[in-house]
């Protein structure tokens, strides 16, 4: 890639600071007009297909809801909305940063990108916390793993993300450059310092904190799963090995999609005001543009993750009749304070052990069959 960098007031044709306003260097970004249309097109097709299938299973085949399935449903809704908006960006970048649509539509497309990004992060965090409770505190997970609690948490996530991303609708704008109309993904020059401050707050609140929570949850889960059970010898059981692989896969995908994007975007915004060489700034700009498709790819990877982690959903898609979920035993209900039947100590220990093993598939209860956004 030829650098071909010149000062901001250069008169040759090209793009300045990629597709942003107020930058001092001109970048040759021919790679972007191939990379972004192709990658967004693939994400659009795969994301829509996978998430539509997931929504069909959730709405038409799944009869019993728990916390994990509730969070996955909302995750699929968010991914579907974002994938449906990608054809506009495919057209935009294929035309060489020309936006023939309205400014309102430009704002909406950028808003959907960030809304999907942070909804995915927060819903993955909710799923991680729920799984962590299921491994570390099975009986507490039995009580708090019901869909009615998860629906309330999901509603809070939507309200929080929509409120936090509402300023994007104010900052994002369009501008005319010769015969082209550019749809910026930041702000106008006079508002850029405010946009950087806003983005820094979002970085900490909606990425750094959830990522730390997910990391802690999966470290605790891995320690518990890798610890041999009392009185056993040899390697890990097959179920535990699969759980450990799932943990590693979730962390890897999370880091692949979200971490590079946030790191390069932070550098991209921070270095714009510094007196660095255009070659250095060009490298940072290129890295940021390359990680944007990675952030979008979570719309395709989310369904794969929860299909792999939740084999019950695969069985629901394959079988004509979903399997009947087990109900909490009287002993487990007694420990949760629901009622206190008299049982022998031996039977109590036996059933409690069974409950701990099946915590992951705890039913949400009869009142959780209706799902509301």
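Using N, Cα and C of the backbone, Cβ positions are placed for all residues, glycine too.
Values in this document were obtained by computation on a predicted structure and should not be read as measured data.
On the 0 to 100 pLDDT scale, the topological domain 'Extracellular' (1-32) averages 51 in this prediction. Residues or ranges marked as topological domain 'Extracellular' in Swiss-Prot (evidence: sequence analysis): 1-32 (among others).
Annotation comment: Swiss-Prot describes 9 (among others) as N-linked glycosylation site, evidence class sequence analysis.
Under the heading N-linked glycosylation site, Swiss-Prot lists 13 (among others).
Annotation source Swiss-Prot lists transmembrane segment at 33-59 (among others).
The topological domain 'Cytoplasmic' annotation in Swiss-Prot covers 60-70 (among others) and rests on sequence analysis.
The feature transmembrane segment is assigned by Swiss-Prot to 71-93 (among others), with sequence analysis given as support.
Within the chain carrying the topological domain 'Extracellular' (94-110), a Cβ under 8 angstroms from the stretch's Cβ atoms is held by residues 15, 19, 33, 37, 85, 88, 168-169, 172-174, 179-185, all 6 or more beyond its ends. Residues annotated as topological domain 'Extracellular' in Swiss-Prot, with sequence analysis given as evidence: 94-110 (among others).
The Cβ neighbour count for residue 183 (disulfide bond), using a 10 Å radius over every protein chain in view, is 25. Annotated disulfide bond per Swiss-Prot: 106-183, in sequence order, evidence recorded as sequence analysis.
Marked as transmembrane segment by Swiss-Prot on the basis of sequence analysis: 111-129 (among others).
The topological domain 'Cytoplasmic' annotation in Swiss-Prot covers 130-152 (among others) and rests on sequence analysis. According to DSSP, the secondary structure content of the topological domain 'Cytoplasmic' (130-152) in residues is 20 helix, 1 strand, 2 coil.
Taken from Swiss-Prot, the feature transmembrane segment covers 153-172 (among others), and the record attributes it to sequence analysis.
DSSP assignment over the topological domain 'Extracellular' (173-194) gives 6 helix, 8 strand, 8 coil. Annotated topological domain 'Extracellular' per Swiss-Prot: 173-194 (among others), in sequence order, evidence recorded as sequence analysis.
Residues or ranges marked as transmembrane segment in Swiss-Prot (evidence: sequence analysis): 195-220 (among others).
Feature annotation from Swiss-Prot assigns topological domain 'Cytoplasmic' to 221-246 (among others); the stated evidence is sequence analysis.
For 247-269 (among others), the entry in Swiss-Prot reads transmembrane segment.
Among the features that Swiss-Prot reports, topological domain 'Extracellular' is placed at 270-287 (among others), with the record citing sequence analysis.
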Are there at least 3 C-beta pairs under 8 angstroms linking the transmembrane segment (153-172) and the transmembrane segment (71-93), leaving out pairs fewer than 6 apart in sequence? yes
Mind checking how the topological domain 'Extracellular' (94-110) divides into helix, strand and coil residues in DSSP? 9 helix, 0 strand, 8 coil
Under 8 Å by Cβ from residue 106 (disulfide bond), counting only residues of that chain that are 6 or more apart: 99, 172, 173, 174, 183, 184
The transmembrane segment (288-309): which same-chain residues, six or more beyond its ends, come within Cβ distance under 8 Å? 18, 29, 31-32, 35-36, 39-40, 42-43, 46-47, 50-51, 53-54, 68, 72, 75-76, 79, 82-83, 86, 113, 116-117, 120, 124, 127, 246, 249-250, 253, 256-258, 260-261, 263-265, 267-268
Could you tell me what the rest of the chain brings near the transmembrane segment (195-220), counting residues at least six beyond its ends with Cβ under 8 Å? 114, 118, 121-122, 124-125, 128-129, 131-132, 135-136, 161, 164-165, 167, 171, 186-187, 247, 250-251, 254, 258-259, 262, 265-266, 269-270
Residues of the topological domain 'Cytoplasmic' (60-70) by DSSP state, where helix covers H, G and I: 6 helix, 1 strand, 4 coil
